[in-house]
Amino acid sequence: MGVSGSKGQKLFVSVLQRLLSERGLHVKESSTIEFYQFLIKVSLGFPKKEDLNLQDWKRVGREMKKYAADDGTDSIPKQAYPIWLQLREILTEQSDLVLLSAEAKSVTEEELEEGLTGLLSASSQEKTYGTRGTAYAEIDTEADKLSEHIYDEPYEEKEKADKNEEKDHVRKVKKIVQRKENSEHKRKEKDQKAFLATDWNDDDLSPEDWDNLEEQAAHYHDDDELILPVKRKVVKKKPLALRRKPLPPVGFAGAMAEAREKGDLTFTFPVVFMGESDDDDTPVWEPLPLKTLKELQSAVRTMGPSAPYTLEVVDMVASQWLTPSDWHQTARATLSPGDYVLWRTEYEEKSKE
């Protein structure tokens, strides 16, 4: 981390993502860049050296804690504490971590094959050696030894020898890559064992400080950016349908049901007038005149159903002999649908009483 600006940021992000991926943690590049910019703002002395040790990283943690106390925890990125804890564990396992060296020495199998092809095709030209690591040095040395006597042979033998030499080089490169993969695998196993056997007691910070840092890390943990074990999908059950109690019957059916409950069936029979009376006093049913019905309908629409004139017309209609069916038909013909529903409801309630 001896360079600054965009180059230093790219190196830091690349190295940090590779170290975390080796531990099975995948962090987004945007989160790593945000963490790097946060460290630059919090710690004025970071980064200054090519290597990073545990003491410097603990100092960065103290500065993060002080920054959170001054500006509040909302000003700290969500992934700051988890990344800080993971890198602290890495530095605990190995005292000094040379990040730039680890980045420069990471040679992939594709790079080795490209270097081998370039050496075989340019055997008659000037040879140039890079600083790619020990793997390229071994390949260049073998190519120099074999190229000394290639051109002394006839053309056919030379072509045949070139093919054999190319196969030998490919086998050697594969062996080198295999040795590198084996060493990486052993190193990962060693790091895992060291991680499991790590002593979490620390003398530089008090137990309260470490607890505070770990609580903040758990508080700012985000499953969308730091992918941990997959959660099982919870299947929600459909809510059971509510069963409502059926409403009691209304109207004549309601009256019959109430009479059956109370054991009184007198209202189920028609009313019969008993006694002596003149024929003139016997009520005679006549249909409601159409003129009276129109007058009542006009009064309801123009003045309202509760206007004094409307009530006078209703009293005139009530002076005649009307059956319940006549009243229902009259109300339906003169009132609006809403007023008719209200009238019928009140009529049924009064009938029950």
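Heads up, the Cβ atoms here are built off N, Cα and C, so glycines get one too.
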Can you dig out which of the ranges 73-76, 305-308, 329-332 Swiss-Prot describes as motif 'PTAP/PSAP motif'?
305-308
Averaging the per-residue pLDDT over the motif 'PTAP/PSAP motif' (305-308), what integer do you get?
90
